[in-house]
Amino acid sequence: MSSESSQGLVTRLALIAAIGGLLFGYDSAVIAAIGTPVDIHFIAPRHLSATAAASLSGMVVVAVLVGCVTGSLLSGWIGIRFGRRGGLLMSSICFVAAGFGAALTEKLFGTGGSALQIFCFFRFLAGLGIGVVSTLTPTYIAEIAPPDKRGQMVSGQQMAIVTGALTGYIFTWLLAHFGSIDWVNASGWCWSPASEGLIGIAFLLLLLTAPDTPHWLVMKGRHSEASKILARLEPQADPNLTIQKIKAGFDKAMDKSSAGLFAFGITVVFAGVSVAAFQQLVGINAVLYYAPQMFQNLGFGADTALLQTISIGVVNFIFTMIASRVVDRFGRKPLLIWGALGMAAMMAVLGCCFWFKVGGVLPLASVLLYIAVFGMSWGPVCWVVLSEMFPSSIKGAAMPIAVTGQWLANILVNFLFKVADGSPALNQTFNHGFSYLVFAALSILGGLIVARFVPETKGRSLDEIEEMWRSQK
């Protein structure tokens, strides 16, 4: 088989796996699209107080995030027990059920009684699927990609996420222009979760054509199958020699099996969890989820909120695409460090714009530059580093812990952002700018941790990275 066809196979498998990331991003747009209709159909009929209604409305987002945490915690066991591909298949089923279930909840169960709880259950299933793909998609891609292309391919996870989000924003915009706003709020909104279910079906069908990874097959003793796949993925290499290297890594780790998660020391786990958590602690989802509110606080009209959100999605898409081209040229560590410093600068500028009530172009430019820097650094590079830095023998345990830390940081950031942004005492002084100044400080802290604890993995095989951690223990 020619090298071109082997490269085509690797690319095809990476693209199939990356659909999980597409669904990840698409669901964030679904969250934005269904907010008002859910309030109208499932909460307003209950005639609650404003505070109680707001709390109940928040359950929909919380249900997704709880599902994300649960999925990421289970993904390690699922990936080991059923394989990376098997776990992705399960996630695709979650997306299908979640999408069509949420779209049909009102028709099947009405709006009263337990209808909202049923709707939240389907949103929980969506989160479950997101939690699994956020771990197993980069793992799958890293284990089928050659070392010199691995960074670019794994960064496709973030590329897929931002593509999914942008696609969802545009789909929501098209829905709003297809009919009146009354039609969207009455029934048109159902197409947002239903479209997610359709993408889930495509994901499921394509996964049925994909094999599992050689690393997992070797782990399960299925060397013959691993050899056949390696011969297709790397026709220039000796598959038996590659299997021996993979198996040697597992065997060395088994000698330290009593140490479990910390078989290679605590530093590798701390570094991985830190990279995952700081991807959220820099404030990206506070900016993305609350962009309309942020722009209104800056003095922009509410009628431009959707277009501003799309502009953020476009910038994120463009610069994430650039990152996928340069991550293997400049390395992971420099992009993370300089990205942290760039985000810190932009958050500091934005916070000061709020603080000193500076409107116009400067705050808008700082937001878009922040998104651009994130898209070129922590957005995609986080997934590259997480997929590479953990030795194979502990990846099944360490990767879910890191991703769970990421989701917990996401919940923490969003909760505290709402508290701080609504605090009269803080706003009297900082005028909604306090949170952004905190994000600036956290960005600097994240960069310092990367500089001290995260190794450069560019150009190294997974076995070489494992040996590096073993020698440093």
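Placement of Cβ uses the backbone N, Cα and C atoms for every residue, glycine included.
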Recorded membrane side (Swiss-Prot) equal for GLY83 and SER187 = no
Cβ under 8 Å to the topological domain 'Cytoplasmic' (81-85), counting only same-chain residues 6 or more beyond its ends: which ones?
-> 136, 139-140, 143, 207, 210-213, 216, 220
Who are the long-range neighbours of the transmembrane segment (430-450) in its own chain, taking Cβ under 8 Å and residues 6 or more past its ends?
-> 271, 274-275, 278, 281-283, 286, 294, 297, 333, 336-337, 339-341, 343-345, 347-348, 350-355, 357, 378, 416-417, 420-421, 423
Ranking 86-106, 188-208, 258-278, 304-324, 397-417 by Cβ pairs under 8 Å to the transmembrane segment (14-34), which is first?
-> 188-208
List the helix, strand and coil residue totals of the topological domain 'Cytoplasmic' (388-396) as derived from DSSP.
-> 7 helix, 0 strand, 2 coil
Determine how many residues of the topological domain 'Periplasmic' (357-366) DSSP places in helix, in strand and in coil.
-> 6 helix, 0 strand, 4 coil
Beyond the flanks of the transmembrane segment (113-133) by at least 6 residues, Cβ under 8 Å = 20-21, 23-24, 27, 30, 38, 42-43, 56, 59-60, 63-75, 78, 87-88, 90-92, 94-95, 97-99, 101-102, 105-106, 193, 196, 200, 403, 407
Distant-in-sequence neighbours of the topological domain 'Cytoplasmic' (388-396), which means Cβ under 8 A and at least six residues beyond its ends | 76-77, 79-80, 139, 142, 150-151, 154, 215, 219, 246, 249-250, 252-254, 260-261, 263-264, 268-269, 271-272, 332, 402, 454-455, 457, 460, 462, 465-466, 469-470
Per the definition of 3+ C-beta pairs under 8 A with sequence separation of 6 or more, do the transmembrane segment (60-80) and the transmembrane segment (304-324) touch?
-> no
